[in-house]
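Asker: Annotation source Swiss-Prot lists domain 'Pyruvate carboxyltransferase' at 5-268, citing sequence analysis. Under the heading Mn(2+) binding site, Swiss-Prot lists D14, H202, H204, N239. Residues annotated as region 'Regulatory domain' in Swiss-Prot: 396-515.
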Amino acid sequence: MTDKLIIFDTTLRDGEQSPGASMTKEEKIRIAKQLERMKVDVIEAGFAASSNGDFDAIQTIASQVKDSTICSLARANDKDIQRAADALKPANSFRIHTFIATSPLHMEKKLRMTPDQVFEQARLAVRFARKFTDNIEFSPEDGSRSDMDFLCRVLEAVIAEGATTINIADTVGYGVPELYGNLVKTLRERIPNSDKAIFSVHCHNDLGMAVANSLAGVKIGGARQVECTINGLGERAGNTSLEEIVMAVKTRKDYFGLDLGIDTTQIVPASKLVSQITGFVVQPNKAVVGANAFAHASGIHQDGVLKARDTYEIMRAEDVGWTANKIVLGKLSGRNAFKQRLQELGVSLDSEAELNAAFARFKDLADRKAEIFDEDIIAIVTEEESALAQEHEHYKFVSLAQRSETGERPQAKVVFAVDGDEVAGEASGNGPVDATFNAIETEVGSGAELLLYSVNAITTGTQAQGEVTVRLSKSGRIVNGVGTDPDIVAASAKAYIAALNKLYSNADKLNPQRA
């Protein structure tokens, strides 16, 4: 048995199913490249058959990310598997991940199929996938609630057909650690050809035990792959948190005895990137990546840490990518200093043109803000990448003018482009942000409902840039938009337009759990 634990990240597929977490193609590529920098073993880039947008994103990631295995989900049918294979063709290394439900409840109520029909479909799906690759993963959906004898029969058959990874999914987060770990162990013991496949765990956090269940699957069950997401992103209560799995296995190597290929210094940058793109704020007390994860308020604890860090710290903040919030650049800093700091932060831009554009944004910010922090630099790059993506978007922010006097309703004028043609919307509102949104809607008329408006300061002080998240809903579809600017109202306009672009761009995608 291998002593390496494979990290399978599904932020771009299962994580995106969290309401409001839909991402553009460009955003998915940025996250995939960060996962590659982190040396994630397998990146599940999407569900190719769900939409043309997902297919394109998987295909582009497969062509650009070369150091990780790229994977696509596919239902257990020839059409889905063919679509996945077509999207993955440019990859250096790829995997097809096919699945079908095996629990009595799912077979009867969702699939309306008999166990024998499910057995045959699973077997034939893996056989068809073998035409494209030897790297095939099979998941019995809702496996933790499946009949043991039937589950063993199905898994033995798909391994015989060529499945090289068997993923035991706790789809609804029903498992508890001891039982789930023993489930994986029992399957490995009872299936005669189990040694021909790596067993994997995929847990959801409905009862708050996704990480505990996954670790039990590894320690008790002998699983050697964990499926997880950055920040535990996912629908309902989320998925297994990548950062918690990685640091638990690394910190307690004395207990787990497993090696990892992950560059842990890229964990916090990945967490911040996913949070910024999705608009899902990381709770301050979140393990590893929360703002308070390495903070000590107790006087006794502070004294101990000052004398010897290992008195109260079992991990070092710098080992997971935390850096001091220090002033690094100012308006007199040159292009080379800016480029060097980007490299130190692990931020890469694809071309000199992008670097020049980001540096121009930096100089503009430095004229308005005396102190530039690392977080500002990351926001600048994010803003530039978003602007490049918006070149092909339906709506593009241009400018904002506003007027507000005590006792009068604020007025706003927003200039933005619609497919390249500039329009100007003017309106009043209960406040400057309300007026700005109303001004945009005078030209757009989206009919979307505003579900969430939140503001977060990127750094400290009155000159801090504001990061605004806007969540919109229309026809049952929920999207997030994020905008940054030292002017909160301008950041709000950018966020609103970003959300509108997401509403406009992608038709509803198939959800594999409901397909």
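Placed from the backbone N, Cα and C atoms, the Cβ positions cover glycine too.
Describe the structural context of each listed feature in the structure shown, including burial, neighbouring residues and relevant distances.
Answerer: Neighbour count (other Cβ atoms within 10 Å of the Cβ, all protein chains): 26 for D14 (Mn(2+) binding site).
Averaged across the region 'Regulatory domain' (396-515), pLDDT in this predicted model comes to 88.
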Asker: To test your reading of the Mn(2+) site: which residues beyond D14, H202, H204, N239, same chain only, put their Cβ within 8 Å of the Cβ centroid of those residues?
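Answerer: In sequence order, the nearby non-listed residues are T10, A169, T171, C203, A210, E227, C228, T229, G234, G238, T240.
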Asker: Per DSSP, D14 (Mn(2+) binding site) is which: helix, strand or coil?
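Answerer: Coil, per DSSP.
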Asker: Out of H202, H204, which of these binding-site residues shows the lowest number of other CB atoms within 10 Å of its CB?
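Answerer: Checked H202, H204; of these binding-site residues, fewest Cβ neighbours within 10 Å: H204.
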Asker: Across the region 'Regulatory domain' (396-515), what are the DSSP residue counts per state (helix, strand, coil)?
Answerer: 31 helix, 51 strand, 38 coil
Asker: Where does H202 (Mn(2+) binding site) sit by DSSP, helix, strand or coil?
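Answerer: In the DSSP reduction, H202 (Mn(2+) binding site) maps to strand.
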